[in-house]
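As structure tokens, the structure follows; a few thoughts come after it.
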Amino acid sequence: ENKPNVTEFILHGLTQDKTVAKVFFSLFLLFYATIILGNLLIIVTIKTSGQLNSPMYFFLSYLSFLDISYSTVTAPKLIYDLLAEKKTISFVGCIAQLFAGHFFGCAEIFLLTVMAYDRCIAICKPLHYTSIVNKHVCGWLVAASWVGGFVHSMVQTLLTIQLPFCGPKEIDHYFCDLHPLLKLACTDTYIVGVVVAANSGVISLSCFVVLVVSYAVILLSLRTRSSEGRLKALYTCTSHITVVVLFFGPCIFIYMRPSTTFSADKVVSVFYTIVTPMLNPLIYTLRNGEVKNAMRKLWSRKVKWSEQ
């Protein structure tokens, strides 16, 4: 039996400089608060607004929930460790963090792909949109995203947990991830590394292909539209394309390669685990008049209730 001799790991964190760590503590605490408040505001606005009842906003509310969940896997531990003398995490906690990170991260990749499909149908087949992407279909697509994330995460976690860890136990990262953990295993991890990279690579590539095809179809369909129609359609898609680039770029850099670690991995990981979930609410609200109007109405109702 492969039982772990290591009961806990020591995380190197983002920095060893205490002054820089204090600056990062304040910065990431602000970032995390923004993630929670911004994404909760979007969820509450969509759920309470009678106008935001299209599939696009249904998916957006789940994207906001995933952003909160995904950032919560790493951000609180990172913030705490920035001021901690000893940055440790138990073996069980490390595996749990690995599972949760890949579960929510992969579910978000699938959901972003579903959102691209939704925009493709809405723009290319507007007359049939409500019949193709109905509530029943939306529910199944979201459920498929969760199931896909779970299956992917289970594969990655089971491949990692069966490895023997007998020392060293220092992880050169601020959270438990695949490549740093494979580096610590007391056995040859080449085959496992290839399987892990292939698992992540197939998902990332297949979703990326679907995204590219979806937007290629959208661009081709816009050739027959008026200039006003093209601008409106492109304006609708720009927010989603921005989010896709911000999330997929760093993920592809980290996971679509053999089991190796680079010095830039920590910075790139901060980008997709904290920065992107923080920017998503701003991207979708600043470029979406319907969401901004719904938020104004929500605020007006809140003010009236407080005055009564």
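Every residue, even glycine, has its Cβ placed from backbone N, Cα and C.
What TrEMBL says about this protein:
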- 23-44: transmembrane segment (TRANSMEM)
- 38-284: domain 'G-protein coupled receptors family 1 profile' (DOMAIN)
- 56-75: transmembrane segment (TRANSMEM)
- 95-117: transmembrane segment (TRANSMEM)
- 137-155: transmembrane segment (TRANSMEM)
- 190-221: transmembrane segment (TRANSMEM)
- 233-255: transmembrane segment (TRANSMEM)
- 267-286: transmembrane segment (TRANSMEM)
Exercise. Taking 3+ C-beta pairs under 8 angstroms (sequence gap of 6 or more) as contact, is the transmembrane segment (56-75) in contact with the transmembrane segment (190-221)?
Worked result: no
Problem set entry | Any contact, the transmembrane segment (95-117) to the transmembrane segment (23-44), with at least 3 Cβ pairs under 8 A | no
